[in-house]
Amino acid sequence: MASTMDDSRHKDATSSSTCFSHFCSSALRAKTLKSSSSANNSSDGLIRRLGVFDLILLGVGASIGAGIFVVTGTVARDAGPGVTISFILAGASCVLNALCYAELASRFPAIVGGAYLYAYTAFNEITAFLVFMQLMLDYHIGAASIARSLASYVATIFELIPALKGNIPPWVGHGGQEFFGGTLSINILAPILLAVLTVILCLGVGESSAVNSFMTAAKVVIVIFVIIVGSFKVDVDNWSPFAPNGVKHIFTGATVVFFAYVGFDAVANSAEESKRPQRDLPIGILGSLLVCVVLYVGVCLVITGMVPYNLLGEDAPLSEAFTSKGLKYVSILISIGAVAGLTTTLLVGLYVQSRLYLGLGRDGLLPSIFAKVHPIRHTPIHSQIWVGIVAAVLGGLFNVHILSHILSVGSLTGYSVVAACVVTLRWKNNTGNRVSSKCISTWCEGVLCIFLVACCGFAAGVLYRFGTPFIFMIVAVVIAIMACAALCFRQAYSDPPGFSCPWVPIVPSVCIFFNIFLFAQLHYEAWIRFIILSIVSVGIYAFYGQYHANPRSDETIIYHMAPEEDRH
């Protein structure tokens, strides 16, 4: 009897050891990509139809929403005219992140996946899946929240019709009709708008790109018109004092407006649908970001020059500024621009989500239904419909605006991982399998230095947030500089094919430090969300992903070039 029990315990221990060993071997495997991206004319797969101008408009459409008409004024209330410097600093930081994205987009120009793909290639499977989950929660909640905001703007435009003014109930577009103490908040217009955009995306990348290009162009024209008209109403005396509340508020403003630029990374997820990805993706990423910087700075100069910073409104500062100058028609244009901005942001967000699901479906980390591409439309219809349904349910039944304080975790996580990927993929000893003990030791040392930079960024962010003596922040910065120096002198770097991020590993290290610094500024509930979702993600991977993943699935992917007449 005792012998039987001992045998049973031994089998259980062996089984547990085997499961853990399988989990570790699966979690630590990396994706190996073929260096070439050949094309043929099979009926499966995505099709290359996006030119460089389409990619720039894609990035601008994702980045500039209604916030350009609101966040510029709300931050100016604290930073004063110095909000212009806040946007320049935040834009400069995003340019550094964009350089990292541009290198990897040029290095892996033929596969969808963005940050998930880069993490899978540079690090391992579990890291890639964690990045995907953090990004996807941001995308799902963000899409639902934007859909609600768009519904409210559309309802406001409908109320310009005299017969409808004041007669549109809350459950149609404005906010929502609450039930059960606010647990449910019904809004029927948000799901309808999401359904329309999902249908457009399912029709094909050409059709959805045309809609995005038209709406983005309209939005940019309106912003430029607002800047030109407003410039004639500027009083330069309103720009003095330039930093009424001190330099600290300018830096704090930069941490806030950083998120106004988020979206340029969407271009990287269109790799499989770009005509000339190795050339056009870096141009699309950096070009769209620079356009956004110019537009944001222009709006900041106009709004702080038109009205004294301390008199700016809270809800619609730019619109109120023009109304106070007797230019009410500009306020109507701003509302139209806000609708166009929210529409493109939502359209691109849904597009990116479906491509991420497509990538994971191909790799086996999600069910294979997400990997299916329509043979005629060349779009991942199942993935596209799924993300539309999730956003419609969240946007139609819940007041997702209250979850806004836990967003941005995915973006900052993705940006930091991408910067780390640039460093690790440049190492000459990073052969993918890292067989020799020397390679493993050197690789681990480098990863430890990157992790130390991230920890210092978080420590500096926490110290800054709680107003501790400046000397402690200096210590964190010095340690990060030492870790970066170790990356510079202890690792050997190679030159990548295509676009090259300058000053590696310095630029990626600065990106990681500042991104994690911003992570420390988020609401503490965002930290809790990061931890809980990471645990849930590991659980999902342990029960499903590790048994179905196929890191070499890219070898069966089929690529399509655009028709000959569309290539130029």
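Cβ coordinates are placed from backbone N, Cα and C, and glycine is handled just like the others.
Values in this document were obtained by computation on a predicted structure and should not be read as measured data.
Per TrEMBL, the features are as follows:
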- 82-104: transmembrane segment (TRANSMEM)
- 116-137: transmembrane segment (TRANSMEM)
- 179-203: transmembrane segment (TRANSMEM)
- 210-230: transmembrane segment (TRANSMEM)
- 250-271: transmembrane segment (TRANSMEM)
- 283-309: transmembrane segment (TRANSMEM)
- 329-352: transmembrane segment (TRANSMEM)
- 385-403: transmembrane segment (TRANSMEM)
- 439-464: transmembrane segment (TRANSMEM)
- 470-489: transmembrane segment (TRANSMEM)
- 499-548: domain 'Cationic amino acid transporter C-terminal' (DOMAIN)
- 501-520: transmembrane segment (TRANSMEM)
- 526-544: transmembrane segment (TRANSMEM)
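The listed stretches are 283-309, 329-352, 385-403, 526-544; of these, 329-352 has the most Cβ pairs under 8 Å to the transmembrane segment (210-230). Taken through DSSP, the domain 'Cationic amino acid transporter C-terminal' (499-548) splits into 41 helix, 0 strand, 9 coil. A contact between the transmembrane segment (283-309) and the transmembrane segment (116-137) is absent, since fewer than 3 of their C-beta pairs, 6 or more residues apart, lie under 8 Å. Looking at which of 116-137, 329-352, 385-403, 470-489 has the most CB pairs under 8 Å to the transmembrane segment (250-271), the answer is the stretch 329-352. It is 385-403 that, among the stretches 116-137, 329-352, 385-403, forms the most Cβ pairs under 8 Å with the transmembrane segment (179-203). Within its own chain, the transmembrane segment (82-104) has Cβ neighbours under 8 Å at 72, 75-76, 118, 242-244, 247, 249-251, 253-258, 260-261, 264-265, 267-268, 281-282, 285-286, 289-290, 292-293, 296-297, 300-301, 304, 309, 415, 418-419, 421-422, 425, 496, 498-502, 507-508, 510-511, 514-515, counting only residues six or more beyond its boundaries.
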